[in-house]
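Annotated in TrEMBL:
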BINDING   10, 11, 12, 13, 14, 15, 33, 34, 35, 76, 77, 78, 104  NADP(+) binding site
BINDING   104, 130, 131, 132, 187, 188, 192, 262, 289, 446, 452  substrate binding site
DOMAIN    180-469  domain '6-phosphogluconate dehydrogenase C-terminal'
ACT_SITE  184  active site, proton acceptor
ACT_SITE  191  active site, proton donor
Ligand SMILES: NC(=O)C1=CN([C@@H]2O[C@H](COP(=O)(O)OP(=O)(O)OC[C@H]3O[C@@H](n4cnc5c(N)ncnc54)[C@H](OP(=O)(O)O)[C@@H]3O)[C@@H](O)[C@H]2O)C=CC1
Ligand SMILES: O=C(CO)[C@H](O)[C@H](O)COP(=O)(O)O
């Protein structure tokens, strides 16, 4: 007999907590996990919330436990696992039922799945969920893509379980097919850039000034009370001040410096490039994780270049400069992320509301910060030339922050300390404030070797060609 309003497959870190959140909001939820013993343990530890949880041991049982039209959340690893679950579910469902992929997914997969399920008369929602374990349990940020009418069917549940900003739910519908998963992907791209920039500050203080992890952690704790207040600065402060129980060392000192990546940062960079965009701060953060992975090579490089002299007399970087540089670079990362969303919206005809993106990121998600509220307002007011860094309320901060960013990047370069995301942010800013750049020469080179043509500054005539000096010399 149908007992539950919604189903959930995958009781891992995210699914288990999301189901508890749904149950706590008084929506009965039927749960299923591939490994059945996980479901038994889960129900046994759910306490009072077990009253709103319906455990099931087969997909047939799960489907039978749901009121119609059925709505089933899948919360498993991206890729083949999602396809396997969909394959098992579809023969059991009726036309009008809905599958919701709430994991991180490549939005191209979401578009493919939506089209295939639509042919079968089934609805498919691609839903990005951010906030990690704690967010899933107490209120994540939720980014929905797919048919709007399908979203309306589950809207009450999603709004109830989501984080709230001044009472407004951090859950919204962004457009058809892959729009929600794309917004989540770019969220993660910005997350990569933000994390990398914080790590660069850590590196400058650790390797440039010999400061201890705890001392740097305290600085982040202080910054978390000012304009940089954000979840990532807060947890960085906590991570750096945590002591490993086994060794008595700061825990970061015993963590191998090889960063994992499950794919969302890379998807952001790949998609950006195919859209003719370049969110260089995000690309730099993805690169930094990839470079971190080749630890043996870096160790060999350290030995090989051990004798290399770097500037030791570089001016010390002040804490004030670091704070301002981080703030400016972070604004630039958001500017680039929003530009990418805008380009994808045009390409895929999503009509994305960028202000809504910033609004659902204000609470619950990993990149939440006090600055996002102001960013959302700036986007609502309209961004000059589509750029956040041109918005009056951010342009001034960028002007002030850019001098600090310049000093930080210059000092890092002189000291031989890598700051790829900071450097990328600065180069982007300097490019965006240069009305005449240097690609006149690139255009000249292209025409020289490939007759690709150029546009004249003086007359505006297009498809112009040399003659070039060598042509002249040989003519
Ligand atoms: N962890 C995080 O902070 C966040 C994760 N996400 C995304 O959420 C999704 C789930 O992540 P997370 O909860 O961390 O993952 P976990 O590894 O904790 O759990 C994975 C779940 O998927 C199930 N599963 C794996 N393969 C299959 C399969 N072929 N068929 C059926 N079930 C399968 C597992 O079942 P079994 O017990 O049988 O192995 C398990 O329940 C991912 O897409 C992830 O990227 C999104 C936001 C934050
Ligand atoms: O979506 C998330 C946070 O928003 C997940 O934690 C995701 O796994 C983070 O990406 P990566 O594992 O590549 O660091």
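Each residue's number is its place along the chain shown, starting with 1.
From the backbone N, Cα and C atoms, a Cβ is placed for every residue, glycine too.
Note that the structure is a prediction, hence the values are computed from the model and not measured.
Positions of TrEMBL features highlighted on the structure.
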residue	record	Cβ within 10 Å
10	NADP(+) binding site	25
12	NADP(+) binding site	15
14	NADP(+) binding site	24
35	NADP(+) binding site	9
77	NADP(+) binding site	13
131	substrate binding site	25
184	active site, proton acceptor	30
191	active site, proton donor	24
192	substrate binding site	28
289	substrate binding site	18
Exercise. Report the largest Cα to Cα distance, in Å and rounded to a whole number, among the residues 104, 130, 131, 132, 187, 188, 192, 262, 289, 446, 452 that the record lists as binding substrate.
Key: 49
Self-check item: Rounded Cα-Cα span from residue 191 (active site, proton donor) to residue 35 (NADP(+) binding site), Å
Solution: 32
Exercise. List the Cα distance (Å, whole number) between residue 104 (NADP(+) binding site) and residue 187 (substrate binding site).
Key: 11
Exercise. Within 10 Å of each Cβ, count the other Cβ atoms and name the one among the binding-site residues 187, 452 with the highest count.
Key: 187
Practice problem: Would you mind reading off the Cα separation of residue 192 (substrate binding site) from residue 10 (NADP(+) binding site), to the nearest angstrom? | Solution: 26
Quiz item: When you measure from each Cβ to the nearest atom of ligand 1, which of the binding-site residues 10, 14, 35, 131 fall under 6 angstroms?
Solution: 10, 14, 35
Quiz item: Cα within 10 Å of residue 131 (substrate binding site): which of the recorded positions 10, 12, 77, 184, 191 qualify?
Solution: none
Quiz prompt | Distance, the residue listed as 'active site, proton donor' to residue 289 (substrate binding site) (CA atoms, angstrom) | solution = 13
Quiz item: Roughly how many Å separate the Cα of residue 33 (NADP(+) binding site) from that of residue 187 (substrate binding site), to the nearest whole number?
Solution: 28
Exercise. Kindly point out which of the recorded positions 104, 184, 289 have a C-beta less than 6 Å from some atom of ligand 2.
Key: 104
Exercise. For the domain '6-phosphogluconate dehydrogenase C-terminal' (180-469), provide the mean pLDDT of the predicted model.
Key: 96
Practice problem: Please give the greatest C-alpha separation between any two of the NADP(+)-binding residues 10, 11, 12, 13, 14, 15, 33, 34, 35, 76, 77, 78, 104, in angstrom, as a whole number. | Solution: 21
